[in-house]
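Asks: Quick one: this structure, given as structure tokens, is what I'll be asking you about.
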């Protein structure tokens, strides 16, 4: 292999990576370092069908990066790495596209910590570690938020005093932008249309879930807001909720802001509604056996999603297709059916057999021939990051 891009996604206690072949766009090696900060921190590598896990020499990001370098050296892949791409959750309004990393860019990412206090500090740690280990290689940041920077003011502003936007950056930002960009391009190919003439509603459904309106290839609206808490029902996040809940729970239960925020982020969503699990697969199995909480959670999830598909159609302007992606979107034929069956008034008619076939990596159309298309598309954020990195590093063909 002549050339590859190392893609890094750094969390507070984890470091996920993928080595992407520049020519084939295939992942040659992937891995995950987890439990960073704990004594049993370990790293798992997947390469050529083999899976190996080893304890790290120290429980930190630097040790994880050293382990990746050693592994790449062992299998003679280290010299193929020509650039490094970093996933960064929040780029604020400054980063409207991916960016080559220098000290100025890193400082701007640090300024966005207030908008993503759980994510951006870890990204900066990963970036600085990678620069130290690979000082001669170009490094690129690819932002979850940048795709959504094309939203018009009417979509991103909250109806609060404008000084809060001007002075405190209070607005809708959105997440999952790298996934949306990849999936929007793939959807246009499946529909046989140019991307800049394609209007879609795309639902990225995983433990974190969001939905976006794409108008002629650009983001026109999205469900996540200032933070990833707004919008759809998620695994453990509530999604949309009346802000007065904070005052109500403070009075009724003596809860403070931090405990309410924690509850809405970590104890709500599918988990809170079902009182069983945040895992969609477990809930579908339990619901099939008659578990009332599981049935309730899935029903609320599907209704909220269907409602959002309808409202996002306004942002899209027209509906060339509805697209499902992410772990749940790509694999839950049950939830896709529950959503589409509520959207007949938008011209969607489910093809049950096609829907059942689109699981475990199978993409395709899941609606009838005379219906507005609904598509299942497998996202590939790592490839999108690698392609951006190659382009900005001057390595693209």
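Cβ atoms here come from the backbone N, Cα and C positions, even for glycine.
Remember, it's a predicted structure, so these values are computed and weren't measured experimentally.
Quick paste of what Swiss-Prot says about this protein:
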| type | residues | note |
| --- | --- | --- |
| BINDING | 9, 381 | Mg(2+) binding site |
| BINDING | 16, 204, 205, 206, 207, 208, 279, 280, 281, 327, 328, 329, 330, 331 | ATP binding site |
| BINDING | 87 | substrate binding site |
| ACT_SITE | 144 | active site, proton donor/acceptor |
| SITE | 176 | site 'Transition state stabilizer' |
| SITE | 237 | site 'Transition state stabilizer' |
Asks: Determine, using Cα-Cα distances only, which of these recorded positions is closest to residue 279 (ATP binding site): 9, 144, 237, 381.
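Replies: Among 9, 144, 237, 381, 237.
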Asks: List the Cα distance (Å, whole number) between residue 207 (ATP binding site) and residue 237 (site 'Transition state stabilizer').
Replies: 9
Asks: If one measures from the C-alpha of residue 144 (active site, proton donor/acceptor) to the C-alpha of residue 328 (ATP binding site), what distance in angstrom results, rounded to a whole number?
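Replies: About 19 Å separates the two Cα atoms.
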Asks: Taking only C-alpha atoms and a 10 A limit, tell me which of 9, 16, 281, 328, 330 are near residue 176 (site 'Transition state stabilizer'). These are the binding-site residues.
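Replies: Near residue 176 (site 'Transition state stabilizer'), where near means Cα within 10 Å, there are no binding-site residues at all.
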Asks: So which binding-site residues are near residue 381 (Mg(2+) binding site), with CA atoms within 10 Å, out of 16, 87, 205, 281, 328, 330?
Replies: 87
Asks: Is any of the binding-site residues 16, 87, 330 within 10 Å of residue 9 (Mg(2+) binding site) (Cα-Cα), and if so, which, in sequence order?
Replies: 16, 87
Asks: For residue 381 (Mg(2+) binding site), name the DSSP secondary structure in the helix/strand/coil scheme.
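Replies: Note: residue 381 (Mg(2+) binding site) is helical by DSSP.
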Asks: State the count of C-beta atoms found within 10 angstroms of the C-beta of residue 144 (active site, proton donor/acceptor), not counting that atom itself.
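Replies: Other Cβ atoms within 10 Å of residue 144 (active site, proton donor/acceptor): 25.
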Asks: Restricting to the chain of residue 16 (ATP binding site) and a gap of 6 or more, list residues whose Cβ falls under 8 Å of its Cβ, or answer none.
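Replies: 8, 9, 10, 30, 31, 32, 33 - these are the non-local Cβ neighbours of residue 16 (ATP binding site), listed in sequence order.
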Asks: Rounded to an integer, what is the Cα-Cα distance in Å between residue 330 (ATP binding site) and residue 237 (site 'Transition state stabilizer')?
Replies: 20
Asks: For residue 87 (substrate binding site) and residue 328 (ATP binding site), determine the Cα separation and express it in whole Å.
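Replies: That comes out at 21 Å between the alpha carbons.
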Asks: Compute the C-alpha separation of residue 281 (ATP binding site) from residue 237 (site 'Transition state stabilizer'), stating it in Å without decimals.
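Replies: Cα to Cα, residue 281 (ATP binding site) and residue 237 (site 'Transition state stabilizer') are separated by 17 Å.
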Asks: Between residue 205 (ATP binding site) and residue 237 (site 'Transition state stabilizer'), what C-alpha distance do you get in Å?
Replies: 13
